[in-house]
Amino acid sequence: MNWALVSRLLGYLSMLIGGSMVVTLPWSFPACGQTAVFEHESFVGMLESIAVCIAVSGLLMWLGRAAKTDNLLRKEALAVVGLGWILSGILGGLPFLLTPTYRTYDAAIGANVSMSVSDAVFESISGFTTTGASVLTQLEVPPDVDDCEAAALAGEIAYIPRSVLFWRCFTHWLGGMGIIVLFVAILGQLGAGGKALMRREVPGPLSDTVRPRIRETAVLMWTIYLVLSGVMTILLLVQGMDLFESLCHTFGTLATGGFSTRNSSVGAFSSVNLEITIIVFMVLAGTNFNLYYLLLRKSVGGAESNKPGRLKAFFSDPELRAYLIIIGVCTAALTFVLHRVEVYSTVAASLRHACFNVVAVMTTTGFGTENFATWPEFGRAILVLLMFVGGCSGSTGGGVKVIRFLVLWKVMKLNAERAFRPNLVRPLRLAGKRIDDSVGRDIVLYVCLIAMISAVSWTALLALEPGHQWQGETSAEKMIDCAGAVAATLNNIGPGLGICGPHGNYSEFSEASKLLLTLLMLLGRLELYAIIVLFLPGFWKIQ
């Protein structure tokens, strides 16, 4: 292991995290409407967080001062990605600790409850991994509070400063396309090492996203991301959101993260137009960004430059077609169920909430318009299954990814044929393209690992919460809640079932449980291996 090189690159990453915090500072200024004392205190806390990031960056770069960044090999790339995400989560948690941010208001003791270290890291990792799980219970001023500042200073409400709310959502946006991809786009001096880094962070198998001109790829992907973000922000502004909430919800949507500025998420706005806009951009964010890349690349000259041909190639992608079909079928099924059992009085209302929540869960965004934890069992079952499916490979979405299930189906079908035709010799194919047997085996192994990690984590979570009866829930309800929490964090969705559902949060879990769920978020975002290797002794041996 080339520790000097790893240290130097982590130093650059720390500087990037600290620099990113600067964008939160204006939201504490009087010019942005912030006059409360605790908003000014958050400005100081953000400055302190930036200073710590700079200090950590300076130390790490000094330790790696002799390293050459063009000598990055596979082992170092894995270390930088795995350790980089952990470091980003720790540094990103500083604003929650150094500003007047409180997890909740405890009526029993009549005071606010401060964020612990595990709370801060949980919230930060949840942001960067675009999970959207939260331990914060009060994101906005309660409607029965007349004087927000007096109530906050008196410790009567756990109000969150706007600069912290903005940082919380901005971590989504940074982590959505990938902090390592942004790192490569900005640094641009890693050579082949940049390709190694991006391969460890860009999600999904069979991806052609990583190309020889690695910096060009990273810059173009972030350019697409920026353009989509700008368009969505403008649309939300036109439809009545203010600039602060437009930016925050754009960050949560394009990154498929789900952090909102409202306790009731998108449902708080009660706007069909806003929901339609967010649905469209959630679908776009859950689509393979490599398809956008190819669409733009093919537009430059050549026989493939005609627009109809490019669009045909775009929509003929098997993963995209399966992704859209699953969304359509599940929306129709859920609409039927919600209307049949009269959860909503009209078909239009059933369709509205079914479509939004199917897309939010399928893309692993996690926004909500309704508390689906109270829906009929069949409806909840559909959403739980979609949690594991996730978005497309190469998208900002989480989950197992649609492409893996397509290949898994092909593998199962081929093996079933071989059961009665043992001499059958036929390669795996998807959309006419041959798939290496090794890719098929890797996908089967990945799905098995996800299932195993889910089962072990669920059991561990139950063990870590031995006597906890959340709000008088039964043991069966607690088991379902824990299973939902594992599925929601491992697949980077955010809201689960029961106590951690769309109208709940993760504040009731113990400190140890929060650390376990934090680990699951990292495993899901980096698709297991970049984190698993950190626990292998042989990985750290100096060669």
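Yeah, the Cβs are placed from backbone N, Cα and C, and that goes for glycine too.
Nobody curates TrEMBL annotations by hand; they come from automatic prediction.
As recorded in TrEMBL:
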type	residues	note
TRANSMEM	9-30	transmembrane segment
TRANSMEM	42-64	transmembrane segment
TRANSMEM	76-98	transmembrane segment
TRANSMEM	173-198	transmembrane segment
TRANSMEM	219-238	transmembrane segment
TRANSMEM	276-295	transmembrane segment
TRANSMEM	320-338	transmembrane segment
TRANSMEM	381-403	transmembrane segment
TRANSMEM	443-464	transmembrane segment
TRANSMEM	515-540	transmembrane segment
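The list of residues near the transmembrane segment (219-238) in space but at least 6 beyond its ends in sequence, with Cβ under 8 angstroms from a Cβ of it, reads 173, 176-177, 181-182, 185, 209, 245-247, 249-251, 253-254, 274, 277, 281, 284-285, 289, 292-293, 296. In this chain, the transmembrane segment (76-98) lies apart from the transmembrane segment (381-403): fewer than three C-beta pairs between them fall below 8 angstroms, excluding pairs fewer than 6 positions apart. The list of residues near the transmembrane segment (9-30) in space but at least 6 beyond its ends in sequence, with Cβ under 8 angstroms from a Cβ of it, reads 39-40, 42-43, 46-47, 49-50, 52-54, 56-64, 69, 72, 80, 83-84, 87-88, 91-92, 95, 161-167, 170, 174, 179, 182-183, 186-187, 244. Proximity of distant same-chain residues to the transmembrane segment (276-295), defined by a Cβ-Cβ separation under 8 Å and at least 6 residues beyond the stretch ends, is recorded for 176-177, 204, 207-209, 217, 220-221, 224-225, 228, 232, 235-236, 239, 249-250, 253-256, 266, 310-311, 313-314, 317, 319-320, 323-324, 327, 355-356, 359-360, 362-365, 367, 390-397.
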